[in-house]
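Here the structure is laid out as structure tokens; the discussion comes afterwards.
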Amino acid sequence: MLSRLMSGSSRSLEREYSCTVRLLDDSEYTCTIQRDAKGQYLFDLLCHHLNLLEKDYFGIRFVDPDKQRHWLEFTKSVVKQLRSQPPFTMCFRVKFYPADPAALKEEITRYLVFLQIKRDLYHGRLLCKTSDAALLAAYILQAEIGDYDPGKHPEGYSSKFQFFPKHSEKLEKKIAEIHKTELSGQTPATSELNFLRKAQTLETYGVDPHPCKDVSGNAAFLAFTPFGFVVLQGNKRVHFIKWNEVTKLKFEGKTFYLYVSQKEEKKIILTYFAPTPEACKHLWKCGIENQAFYKLEKSSQVRTVSSSNLFFKGSRFRYSGRVAKEVMESSAKIKREPPEIHRAGMVPSRSCPSITHGPRLSSVPRTRRRAVHISIMEGLESLRDSAHSTPVRSSSHGDTFLPHVRSSRADSNERVAVIADEAYSPADSVLPTPVAEHSLELMLLSRQINGATCSIEEEKESEASTPTATEAEALGGELRALCQGHGGSEQEQRVHLKGPQLQQQQWKGWGKSVPLD
């Protein structure tokens with residue numbers, strides 16, 4: 001009898017798993033879940049811990065044993081999705097960026113989105129001009145250390161904080177100048193609100209880049225934003241497709257297709273190649289979820305989507321959450337006393353924070369920021385200002401950032417991040433999908449921009465300009481096989497987008513090294 005009880009107790013313990021979720025302020029939340037617990041259960045625990053009601057904008061990220069990143073699906077078992085050995089480690093992050101973050105109902109929600117965008121700025125995912133970078137950093141200073149105080153803030157105080165992958169002494173002085181003269185008296189909530197209003201106007205607001213190749217083998221980054229689908233190449237946003245122009249998303253193996261219907265009933269198919277079939281499926285699922293969230297009027301309109309054609313076996317997926325319009329309507333009905341916000345102050349540091357796969361010590365949730373170590377490539381870039389209208393290819397190089405190797409103030413064993421006035425690639429940031437160590441080197445090759453601003457229809461006219469034999473050889477056998485010619489009817493023509501022409505590059509393959517952020 002006793003042995004049966006002990007055996008049952010043992011089996012019960014085996015069905016419990018420890019989960020650690022890294023929060024946006026770098027603290028950690030640890031809990032225990034049952035073997036059959038769904039993702040929704042874990043997410044609800046987190047939102048209760050954070051006192052968060054406007055929770056539809058957020059999600060939980062994890063990396064599987066093959067180093068592929070995923071968003072946790074709330075309708076499926078947590079344990080079965082992770083497929084790794086416990087204890088499990090995940091991250092709480094913004095999944096759907098609010099189209100207007102300043103319009104969020106509660107301050108706690110705005111604060112969490114502020115923390116996410118601050119991370120995007122630091123990791124190089126949010127790109128901006130030098131003047132905008134200085135203003136954003138000054139808002140962060142005001143929100144987290146308060147008014148300038150000569151007694152507390154000596155000369156060069158802004159240099160002790162890390163806002164970007166790289167920054168220069170000139171930029172540090174500009175940040176301090178704005179903080180001293182323009183922001184005095186602003187509360188943390190006001191500074192965070194102003195930060196959100198400014199960030200929302202930037203071209204790469206909400207961008208979570210997926211590294212791919214176009215049909216010519218050029219590195220590209222695909223992303224989904226509140227406003228539509230974007231393609232980044234080099235230091236430019238080369239294409240933008242509004243959500244109401246996207247008619248279908250599909251993938252087959254490593255090939256991703258985006259179907260576009262624009263004016264005059266022209267139907268176009270954009271084709272890109274992901275590093276792995278798993279990465280392509282992740283890209284497709286992200287696209288399906290973003291399109292449903294931002295485009296649909298109500299969640300009852302959501303349909304199960306197939307990844308392939310009707311007569312071929314493919315993946316099926318259905319977005320399970322509410323859509324943006326429903327979330328806004330629900331938020332308007334929130335009536336409660338504003339929850340207390342435990343803000344995490346900045347920790348002065350001259351080294352880059354890092355997100356690693358190594359074990360972490362447990363901490364009390366929402367405690368002070370931790371210093372972490374991250375390997376980030378150089379610089380920030382400038383993207384041309386845009387009103388989120390038509391897809392374009394730009395040759396503008398105005399007001400950009402320069403990657404600087406080291407500041408004169410740096411110690412011999414200390415790497416200091418610097419920004420000045422040149423350009424950098426999104427590959428320099430911590431990417432959300434697997435990228436080989438060698439592929440970063442390939443992506444960082446300098447780009448040569450040619451051609452004037454053009455629409456997607458104009459791209460069709462340039463389709464005939466195929467790569468030379470030498471360029472095709474450099475791309476390698478795998479890409480040549482993928483890029484064999486595609487046919488199409490008169491009413492539906494497949495268009496291979498060829499963004500800015502790059503210098504000749506050699507195909508180096510893709511790896512699976514990815515940090516958990």
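Along the chain as shown, the residues are counted starting at 1.
Placed from the backbone N, Cα and C atoms, the Cβ positions cover glycine too.
Owing to the predicted nature of the structure, the values given are computational and were not obtained by experimental measurement.
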Phosphoserine per Swiss-Prot (candidates: S375, S439): S375
Range among 152-175, 344-367 that Swiss-Prot annotates as region 'Disordered': 344-367
Rounded mean pLDDT for the residues that make up the domain 'FERM' (17-298): 94
